[in-house]
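Here is the structure we will look at, set down as structure tokens.
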Amino acid sequence: QPQQKDYDDLCSLPDLNEKTLLENLRNRFKQEKIYTYVGSILIVINPFKFLPIYNPKYVKMYDNHHLGKLEPHIYAVADVAYHAMLQRRKNQCIVISGESGSGKTQSTNFLIHHLTA
């Protein structure tokens, strides 16, 4: 079976329905692409293992970039919120939601890591 194209933003799917959405997430997850956008919303699928995408190289790569310019990443969300706070001079909020064990605490740690870097 040929590899299907994966979309890093679900809004870009040519046919958006539950089946294509889940297939796209599954295909990305199999490639260890755990982050996927839905517009400005970031979907994260917990891989239950460490991936080498949280080092200083990635912190620098996602510094001062717009969402969608690079592969989806939690650092991109943190950076957009940080720069919006600086530009608008207003507090920003990032909502993290999920089931128990889905990785909310780890995602929060990654956000804080990027903001403090």
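The backbone N, Cα and C atoms fix where each Cβ goes, and this holds for glycine too.
Here's what TrEMBL has on this protein:
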BINDING   Gly98, Glu99, Ser100, Gly101, Ser102, Gly103, Lys104, Thr105  ATP binding site
DOMAIN    5-117  domain 'Myosin motor'
TRANSMEM  34-51  transmembrane segment
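Feature map: TrEMBL annotations on the structure.
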{"residue": "Gly98", "record": "ATP binding site", "CB count, 10 Å": "12"}
{"residue": "Glu99", "record": "ATP binding site", "CB count, 10 Å": "8"}
{"residue": "Ser100", "record": "ATP binding site", "CB count, 10 Å": "5"}
{"residue": "Gly101", "record": "ATP binding site", "CB count, 10 Å": "9"}
{"residue": "Ser102", "record": "ATP binding site", "CB count, 10 Å": "14"}
{"residue": "Gly103", "record": "ATP binding site", "CB count, 10 Å": "18"}
{"residue": "Lys104", "record": "ATP binding site", "CB count, 10 Å": "15"}
{"residue": "Thr105", "record": "ATP binding site", "CB count, 10 Å": "10"}
**Report entry** Contacting positions for the transmembrane segment (34-51) when only residues 6+ beyond its ends and CB under 8 Å are counted
**Finding:** 7-11, 24-25, 28, 67-68, 71-74, 76-77, 80, 98, 101-103, 106-107
Report summary line: Summed over the domain 'Myosin motor' (5-117), the DSSP helix, strand and coil counts are 50 helix, 9 strand, 54 coil
Query - Additional residues surrounding ATP, by Cβ distance to the Gly98, Glu99, Ser100, Gly101, Ser102, Gly103, Lys104, Thr105 centre under 8 Å - result: Asn46
